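Asker: Let me begin by handing over the structure; questions about it come next.
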């Protein structure tokens, strides 16, 4: 972007941005000095299992609503129309199923790490594989979440790129390691309010300055940005009702059903009912967040800001330009953007520390005292919140992914490629009592291989269904000192009808989670039956959700028991229980 076109913060904007960081660190300091002062792993990693449903539900929203979404969704609506809005249909089952399937199983087991379940159900090797897969996914996504708002802000305002990255990292480091999960959750509550306020301010001012809601509606209707219901069943179509409403359910399940960052919040609730309520309470807030982002994209279209540059710059430039005469409001939106980044990466830091401690450290040092375990947990928090992972990943993405880092599709594709196989692994364990450890390992490996094959193949061939970049965006990127990877990526973002293997690579990114989930289940079951299915007496009590028993309720009890392993019998597991034996799920 031409430096003469750059916008600048006023003193009030800087103050508001600084208040956000100070308030976040203040919440961490408060929880570090109150209560049990984070002296036990249960308090530091699990908030002492004392949280109510309201803060948990808002934290669930903040963890999901990353800066990539706040930038990406308006850009998506601006460019392609309102078809993406139909993903809101997936939120219903995407939260209902975790509330009534995953939470009852995982909460009753009294876990700290989600992947402890995999050892109880299968084996220690499966647990470690699940943990390492989650760590890989989270570290990569963490770098993208930090880099995206910093890159956009730098492009539009000249705000120092590494200054923004370091400020975000430092704030997260302090309040995450000082206050533990309780500080992370309550900071998420504060940051959720900031996110809503920032988006709402942009919409209200934008609508008022563009002639009112009726004028905005007229312009977006004439501009063909109000999308009709697309019932095309073609799985290579980028966005249809089926890709968003059905494929989106599996994406939501990979996030809200088995992802450690979200499950850890359920497990921090004081009761199972509070955890279930938090899922229900998250639904309207997620719909509101989606609506605000989509309306902002429509207001942007009315203002005709495409010539301002590429997607991340476009959103930030629009906001800075629209709010230029309102001191403090640009700072509020930037605070909104960085609130989303802070909430996402703080959740990632805390969950990474938890799984590393519970899955990789404790099993090898069983005699560790509680005081030492708490100290190690905090050290892991410092390790993961150090700048090395962030700067390493953002350095790699700065040029190689400059074209796609702003695209919401990339973030959701990552969740589908990695989160989908993990979802399949949990579904294999919970719903299919015959699945054995060999089948689980084979299914996970095959699912990851297939999803990465399709995902990487789509990058080297063409982005699934994507429209070409604007001429201005292409020129802006190519005028920079771009690498050959950028040129190649730009050339791939052209429309052509796929055929042969290319059609397989053109699978909509919204189907990645479903595709890889079913691949894990199918291959896992085949290998399990070939190597000897699990026997009822070998299944750990409480690890099976009798989905077939509920669906086949018309069968006699003895047949349901034989087919579905409704009430598995076996020795109770005491190594993780501090409140009695594990109950069966009936």
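Any Cβ shown, glycine's included, is placed from N, Cα and C.
Automatic, uncurated: that is what TrEMBL annotation is.
Residues or ranges marked as transmembrane segment by TrEMBL: 12-33, 53-73, 85-107, 128-153, 159-177, 189-207, 239-258, 279-303, 375-396, 408-432, 439-460, 509-530 (among others).
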Asker: Are there three or more C-beta pairs under 8 angstroms joining the transmembrane segment (12-33) and the transmembrane segment (159-177), sequence spacing 6 or more?
Answerer: yes
Asker: Looking only at residues six or more beyond either end of the transmembrane segment (439-460), which have a C-beta under 8 A from one in the stretch?
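Answerer: Long-range Cβ neighbours of the transmembrane segment (439-460): 118, 121-123, 125-126, 129-130, 133, 413, 416-418, 420-422, 424-425, 428-429, 489, 492, 501, 504-507, 509, 512, 515-517, 519-529, 531.
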Asker: Who are the chain neighbours of the transmembrane segment (189-207) in space, where the CB to CB distance is under 8 Å and they lie at least 6 residues beyond its ends?
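Answerer: Residues packing against the transmembrane segment (189-207) from afar: 20, 23-24, 27, 54-55, 58-59, 61-62, 65, 70, 213, 216, 285, 288-289, 292-293, 295-296, 299-300, 302-303, 319, 322-323, 326, 329, 332-337, 339-340, 342-343.
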Asker: So are the transmembrane segment (279-303) and the transmembrane segment (85-107) touching or not, going by 3+ C-beta pairs under 8 A with a sequence gap of 6 or more?
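Answerer: Yes, the stretches contact each other.
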Asker: Quick check: do the transmembrane segment (128-153) and the transmembrane segment (12-33) share at least 3 Cβ pairs under 8 Å, counting only pairs 6+ apart in sequence?
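Answerer: Per Cβ check, the transmembrane segment (128-153) does not touch the transmembrane segment (12-33).
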Asker: Is the transmembrane segment (239-258) close to the transmembrane segment (85-107), in the sense of at least 3 CB pairs under 8 angstroms with a sequence gap of 6 or more?
Answerer: yes
Asker: Mind checking which residues reach the transmembrane segment (239-258)? Cβ under 8 Å, same chain, six or more beyond either end.
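Answerer: For the transmembrane segment (239-258), the sequence-distant neighbours (Cβ-Cβ under 8 Å, at least 6 residues beyond its ends) are 60, 64, 80, 83-84, 86-87, 89-91, 93-95, 97-98, 101-102, 114, 229-233, 279, 282, 412, 415-416, 419-420, 422-423, 426, 465, 508, 510-514, 517.
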Asker: Go through the chain and flag residues at least 6 beyond the ends of the transmembrane segment (53-73) whose CB is under 8 A from any CB in it; none is fine as an answer.
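Answerer: Same-chain contacts beyond the ends: 84, 144-145, 148-149, 152, 184-186, 188-189, 191-192, 195, 199, 255-256, 261-262, 265-266, 268-269, 274-275, 277-282, 285-286, 289-290, 293-294, 296-297, 311-312, 315-316, 336-341, 343-344, 347, 406-408, 411.
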